[in-house]
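Enquirer: Straight out of TrEMBL:
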| type | residues | note |
| --- | --- | --- |
| REGION | 1-22 | region 'Disordered' |
| BINDING | H34, L36, G61, E82, D110, N125 | S-adenosyl-L-methionine binding site |
| DOMAIN | 41-210 | domain 'Ribosomal RNA adenine methylase transferase N-terminal' |
Amino acid sequence: MAGGKFKKEKGSSSSSRAQPYQGGIQFHKSKGQHILKNPLLIDSIVQKSGIKPTDIILEIGPGTGNLTKKLLEAGKSVIAVELDSRMVLELQRRFQGTPFSNRLKIIQGDVLKVELPYFDICVANIPYQISAPLTDKLLKHRPVFRCAVIMFQREFAMRLVAQPGDALYCRLSVNTQLFARVFHLLKVGKNNFRPPPKVESSVVRIEPRKPLPQMNFKEWDGLIRICFNRKNKTIGSIFKQKSVLSVLEKNYKTLQALRLSENGSLEDTEMPVDVPILAETGEDLSMEVDDGEDEDDEEMEVGDVDQKRSDFKDKVIGVLKQGGYEEKRSSKLAQADFMHLLSLFNKAGIHFS
């Protein structure tokens, strides 16, 4: 979904580090406080949000209430989550004694830590440093909301909407789009804010998928994490790495042992709440494995160990060849390709969690 672009306003200066609000409030860039000041941009965001008169709206980081006022005019009520006590007082002062006062609920606290109530739609200009954990939290929120329209740093926004073959296509893109449809709505220039940030911004619309995918997310994320560790290498070369094979072989042996001793089930369609959907930091795939053998025995058994490792490597590569993925690259694969690849691995008894 294409959108327009809001250019910098003439006459604005970005030389000062912080600028006072009309009421004397000092904004802090270090806290991500960049208040929307362009009324045309605010109107456009509200219009593109598709707010219904019956909607309960969640706003994160309302600041001094410029966007809040327009949201109150459009929807049934607004739940505003604000960390800064000065901003909370300004919001209370601004709407006290107005027809909006009984339709605005203010929650003072860290949005990443507070329990979010029910809402139909989220509209927010957020501190950019919480972009990934906040999006992660929203995607896990239940019951599922209709959509979220959020201002992000431009690069983060473009990662969210990136498609296979795009330079910014990454694990963040794949995992977000697994749980939601994502659209880029607007490009926003720096000087639409007070004080202006150092980066360009974009407004993105996130629509959670209904129904949500029924799958073991730990399995999915384990595969995606490995594939995007070196997204421009061939899938074959990635899965031939000793560190990757070591982890997969350990999982394979553990699950085989569970099947034999406990008849353990490998099915798990619940999305674990402790697994971050959007974390982009890679993990060290290597692990130290102590086989508990004495040094004298190691020399005798090294041939057997090497043979078993070679057999498991052949098993992994066989899966890749079966699906035609050995020479393909993660940066070019679509979501359906990763789902197919995961199913092939699982059918072969190879798991990622």
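Placed from the backbone N, Cα and C atoms, the Cβ positions cover glycine too.
Heads up, TrEMBL stuff is auto-annotated, nobody curated it.
Describe the structural context of each listed feature in the structure shown, including burial, neighbouring residues and relevant distances.
Expert: When other Cβ atoms within 10 Å of the Cβ of G61 (S-adenosyl-L-methionine binding site) are tallied across all protein chains shown, the result is 24.
Here the domain 'Ribosomal RNA adenine methylase transferase N-terminal' (41-210) returns a mean pLDDT of 96 for the predicted model.
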Enquirer: Once the chains shown are all counted, how many other Cβ atoms turn up within 10 Å of the Cβ of E82 (S-adenosyl-L-methionine binding site)?
Expert: 24
